[in-house]
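Below is one structure, written out as structure tokens; comments come after it.
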Amino acid sequence: VVVAHILLLVLPPAGVVSAAALPVVINTWAFRTAAETAWRVLELGGSELDAVERGCGQCEIDQCDGSVGYGGSPDESGETTLDAMIMDGNTMEVGAVADLRRVKNAIGVARKVIEYTKHTLLVGESASLFAVRMGFPYEDLTTQKSLSLYSEWLNQSCQPNYWKNVVPDSSKSCGPYKRPGKVTYKEEQTMSQRSVHNHDTIGMVVIGVNGTVASGTSTNGAIHKIPGRVGDSPIAGAGSYADSTAGGAAATGDGDIMMRFLPSYQAVEYMRMGTDPTVACQKVISRIQKYAPKFFGAIICANTTGSYGAACNKIPGFTQFHFMVSSPLLSRPTEQVVDCI
């Protein structure tokens, strides 16, 4: 009764299998309206892809934590751009867009890439032109909040930023930067600037009553990123991955690091070998830790029986990861939490 009222569950320790039932919707962070929207789509007879598109799309409308959708995470020039992907675990088709400008419904455009092209990923201005052809309106993604974030950043000498080994010194100046005549490379040892209060993606996995898997992501990327930067979210196997013969996974966090390890693909492959979803997620996080012990990140996993799990990397300020689960075993979409490892 207490758990039902609090709607906050703690996942079992490693190796303990979560209760399994289908269908299941799992998404990163405590984005409740996204979970409710996706679950409602399934209840009304919509497909798993429909649920992913509508669920992630709800976060684009809600501007979840300012890190999804319009009006958040302005880049170095003050512009908000969007990345998104959606994957069909039956056909293994992927539709993705990156550096999308002036179009709000990024995951909607990503789905049109599957439906109306033979491509997988469209980027930049060309992705925006494609979106308009598909009937999406041009809209301004800038808001007073994003302008304020940009202005504050400029007033702080453009700190933090994503440059290194340049002149003038990027830790003290706004640039413009160029490479020095003689390069002395130095390793960046700084902790990730993000925290549990500065999320960066909605990732969602939906598994239908027959075990059909779909997944997707949507984000406005790293705040103050260098224009043209693409993170892990629209990259199949990095931001998310779906395979109806095994399961699905989605990642969130420092995409520049996490995408190098294809964590979502790796987690699905672990589950294919019979690994419990919680353990699969933990193994993926542990693998990245060896190379980037201070990275900010988490991953959610679910297999085709409806078992699910999550894991995160423990750093100061980020010791637990909250996510949403919807299943027949729960009376409503429920926030759950895991301790980071």
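Each residue, glycine too, has its Cβ placed from N, Cα and C.
Residues or ranges marked as signal peptide by TrEMBL: 1-19. TrEMBL lists T201 with the feature active site, nucleophile. Marked as substrate binding site by TrEMBL: R229, V230, G231, D232, T252, G253, D254, G255.
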**Message:** Using a 10 Å radius around its CB, how many other CB atoms surround G253 (substrate binding site)?
**Reply:** 28
**Asked** When you look at R229, V230, G231, D232, T252, G253, D254, G255, which the record names as binding substrate, what is the longest CA to CA distance in angstrom?
**Response** 16
**Request:** Might you list, by sequence position, any residue in that chain lying six or more from G231 (substrate binding site) with a Cβ less than 8 Å away from its Cβ?
**Result:** D83, D200, T219, G221, A222, K225, G239, G255, D256, M259
**Asked** Among the binding-site residues listed here (R229, V230, D232, T252, D254), which has the Cα closest to the Cα of the residue listed as 'active site, nucleophile'?
**Response** T252
**Prompt:** D232, D254: which of these binding-site residues has the highest Cβ count within 10 Å of its own Cβ?
**Reply:** D232
